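In what follows, a single structure is set out as structure tokens and then discussed.
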Amino acid sequence: MRFDVVTLFPAIFDGYLTQSLLDKAIVRGLVEIQRHNLRDWAEDTPHRKVDDRPFGGGPGMLLQVEPTVTCVRDVDAMCDVPARKILLTPQGRRLDQRLAEDLATSDRIMLMCGRYEGFDQRVLDILQPEEISIGDFVLNGGEVAAMTIIDAVVRLLPGVLGDEQSSLDDSFSRGNRMLEFPQYTRPREFEGHTVPDVLLSGDHAAIAKWRAEQSRVKTIDRRRDLLPENSKPNHEHPNQRS
Ligand SMILES: NC(=O)c1ccno1
């Protein structure tokens, strides 16, 4: 898979791209990440200007349509595979595991990172990107949201995690859509806190049963909305938080 990131601050990604999981995936050729500085498409070369004041007044600046559309079209043409264009914005569809799984089926994704007050509306009208949000809050730019999408998607690519099962057991994963069961490792006891006996039993059927129940209880307690319709309890669960 290839990611193309359009941003005014490509250096923001420097440390991120060298972190272990992503670095290994890049080195192994499982993913490619190209960064493109929108300012390289600025018309006004001395100042490399790509933003201007909003018509009708209002605070801040907007990213202009001409450099943005030209940049996106040029970046798209850099590779034979057309890019799935995604614009990061608080107004977009909320990112969740299902969407991450869908994105992971794409061969190429372009992530358009806004800054200031965002893009001129004609960028959206002309390019028709998918708009995705990572949550109901406002960031200073789309770069953190872009890294979030890259992180959530790359780990789902075949071969990246090494043990496919470890992504399938995650909370929200296609395996069960529920919250993950509690996990334990050595030591067996710490400050009086011990590991559940069933996990030490070697009885894989009992362990699987315990884990499924733990997932269900935790999901009922915290995220009843994730439960399949046919398994929603019709009473207040004793652990249900108000
Ligand atoms: N909430 C978001 O995804 C976002 C993207 C850019 N600014 O905020």
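Positions of Cβ are set from backbone N, Cα and C atoms, glycine also.
For 1-228, the entry in TrEMBL reads domain 'tRNA methyltransferase TRMD/TRM10-type'.
Gly114 (S-adenosyl-L-methionine binding site) carries neither a helix nor a strand DSSP state and counts as coil. Under 8 Å, Cβ to Cβ, and six or more positions away along its own chain, Gly114 (S-adenosyl-L-methionine binding site) finds Leu63, Leu87, Leu88, Thr89, Gly141, Gly142. The S-adenosyl-L-methionine binding site annotation in TrEMBL covers Gly114, Ile134, Gly135, Asp136, Phe137, Val138, Leu139.
The region 'Disordered' annotation in TrEMBL covers 221-242.
Largest CA to CA distance in the S-adenosyl-L-methionine binding set (Gly114, Ile134, Gly135, Asp136, Phe137, Val138, Leu139): 16 Å, whole number. Of the binding-site residues Val138, Leu139, Leu139 has the largest number of other Cβ atoms within 10 Å of its own Cβ. Annotation for Asp136 (S-adenosyl-L-methionine binding site): spatial neighbours Pro90, Arg94, criterion Cβ-Cβ under 8 Å with sequence separation of six or more.
When other Cβ atoms within 10 Å of the Cβ of Phe137 (S-adenosyl-L-methionine binding site) are tallied across all protein chains shown, the result is 7.
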